[in-house]
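A short worksheet on the structure shown next.
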Amino acid sequence: MANSDQNRDVFPDDVSIDDDTSVISTRGLEAFGRKVTTTASHLIGPITDPTSHPHYQTAMTEIHKQLQKPTLQRGVFAIARTTPTDLVRSKLSSKEIQSRALAYVPDELLRNIPASSNSYSLFQGFQASFPDFTDDGKKHKRRVSRGRKMLDESPVQPGSPHAVQRLKKDKASMMHQLEMLGVRKNMASSEIREIDNKIANLHGMRKIILDRLANLEKEEAVLEHDIMDVESRLDEAQELADEAESLAMATPNKSEEDLSRTEEGFMSQSIYEKLPAANTPPGKKKPRNHRKKTLPILHEHFEPGTMIRSMRAHQDNITALDFDAPFGLMVSAAMDDSVRVWDLNAGRCIGTLEGHTASVRTLQIEDNFLATGSMDATIKLWDLSKAHYDPQGSQEVDEEDEDLAFVNPNDHAVDPPAGSMADCPLFTLEAHLDEITALHFRGDVLVSGSADKTLRQWDLTKGRCVQTLDVMWAAAQATAMGSSDGPWRQTSRSADGSADFVGALQVFESALACGTADGMVRLWDLRSGQVHRSLVGHTGPVTCLQFDDVHLVTGSLDRSIRIWDLRTGSIFDAYAYDHPITSMMFDTRRIVCAAGEDVVKVYDKVEGRHWDCGAGITEAEKAKSPAIVERVRIRDGYMVEGRQDGVVGVWTC
């Protein structure tokens, strides 16, 4: 052992390693190897070494005997040849190895865990996720619970140690419950914040998709316009080809001898037949009906009451307006004697319709056909599909000069290109003796009402009046027959004479509904020209009406809206506003009306709810007062309203 101490002292490499040196270096490995070699040589040295202790020699002799056995030597050699992986597999099962591989997380990942500001631990959250077990829920432990309850009901002295221990236990239990309630409250708050973040992200995604849908509908409108253009040119080419073919078949080839013997004029009879006759009615050849191939759906995804667009259409009070479909064509008329056609998809004016010599009081657009009734006692028919209009025209010209889209309603309306509507007029209907106050057409039948106290039925195919209905005569006939309707009634609200004699009408096949200044609604049969029912209820002139298969809705200057049952002739529902009703229309869900305010009055028939929609609500926040709404139209939740200052607003409803 002394020799070992001497050898240990003579190693020059056995020195302390500085802090700056590497932990694993060449010098350290060499020193460690020499130490291991020296220690092993001393342990397994000659047994006959006189310097070693006798007990040590005896122990080493036994070890040598054991190591010389072949079985032990083969085992040692087998372990030496075994890799560490095989050694681990021999000690652990496959499930244990898989579990350790999945549960092990490297330190690099643990360093990136963000610091949580939550004061509750993961285990507390796990405890809080379990519901509380009440006595009613522990049916499988009924005996144990009863047993504990019986023990707890044993009398206990208030000052005894058992009572103090029980109170401490109850306090600890309640504190634990309070802590769990705090954890659950924090979890609920975190879930609410997470849901709010998801909702905000969904709103952002919804806005992006809405913009994409708007662009798709714009491209769709442009493509549909191009298709209609091609179809029109195709129809014209086909007509020319048919005329040329029929002319070639009707004109046989003749020789010079046959031509010299012909006693006819220089034109054949077939050519004369092709020439238009002088008395041919203007409506003989009705143009083709161009129907929309697609329907816009963008407005269906907006919240009700959202403003889509606002335009200054005119410089004066709007007297009439109508549109064919959402984001389609709109026609507006005003006291400035102008009639303008608009593209609602782009907010641009297509052109101005010229022909009337006075203001247009009423109009209707249906499938690109427009009928206008004016104070000059004439009715004009127009084909809007013949308008020269390019939906992408504003993209190729200077916006400061040629752009006709009005984002700001205070801007002045820009005149559209001249001659864009030159091919639109079809023909004029002239028979009334006074201004046209109401009209409605469906198919080839048009009915108009005038201040001359008559209703006229027109055949649009022949372009002439086929029947005249005298309202005063019908009222007199009802009086002579002793009808309960009574004679013509002069209502108190029409004493000033400002109300139209024929305020509104609608036709469907042979049925006609007409509202007049005496507050009565008369239902006519156009086949007989007689009134078969009169609806009495309004106390003021009827200004608007509309009916469907079951109900008829009327609006009057007596400030009321009445819904009639056409099957019984009785009032189904009625409600009133603060001002007279000047315009009304309904769709499948809503009844909208202009009632002398800066908003449109909306009645939801499904929910039975009244609400307001219009600039009066949005501008009130800016301390502004918009003009009064005079006219309103609605189709499929897409509403257009015209005001006294010439501004037109487009809304979702």
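Using the three backbone atoms N, Cα and C, a Cβ is placed for every residue, glycine included.
What Swiss-Prot records for 207-251 is coiled coil. According to Swiss-Prot, the region 'Disordered' annotation covers 246-265. The compositional bias 'Basic and acidic residues' annotation in Swiss-Prot covers 254-264. According to Swiss-Prot, the repeat 'WD 1' annotation covers 313-354. Summarising the annotation, Swiss-Prot assigns repeat 'WD 2' to 355-392. Residues or ranges marked as repeat 'WD 3' by Swiss-Prot: 431-470. The annotation repeat 'WD 4' is assigned in Swiss-Prot to 491-534. The repeat 'WD 5' annotation in Swiss-Prot covers 537-576. Summarising the annotation, Swiss-Prot assigns repeat 'WD 7' to 618-653.
Distant neighbours of the repeat 'WD 2' (355-392): 218, 221-222, 225, 228, 232, 283, 287, 289-291, 319-324, 329-331, 333-337, 339, 341, 343, 345-346, 417, 419-430, 432-442, 446, 448, 450, 452, 458, 460, 500; these residues of the same chain sit at least 6 beyond its ends, with a Cβ under 8 Å from one of its Cβ atoms.
Distant neighbours of the repeat 'WD 5' (537-576): 491-494, 499-500, 503-506, 508, 513, 515-521, 582-586, 591, 593, 595, 603, 610; these residues of the same chain sit at least 6 beyond its ends, with a Cβ under 8 Å from one of its Cβ atoms. Against the repeat 'WD 1' (313-354), stretch 618-653 shows more Cβ pairs under 8 Å than any other of 431-470, 491-534, 618-653. Across the repeat 'WD 3' (431-470), the model assigns an average pLDDT of 94.
Across the repeat 'WD 1' (313-354), DSSP helix (H, G, I), strand (E, B) and coil residues number 0 helix, 22 strand, 20 coil.
The DSSP breakdown of the repeat 'WD 2' (355-392), given as helix, strand and coil counts, is 3 helix, 19 strand, 16 coil.
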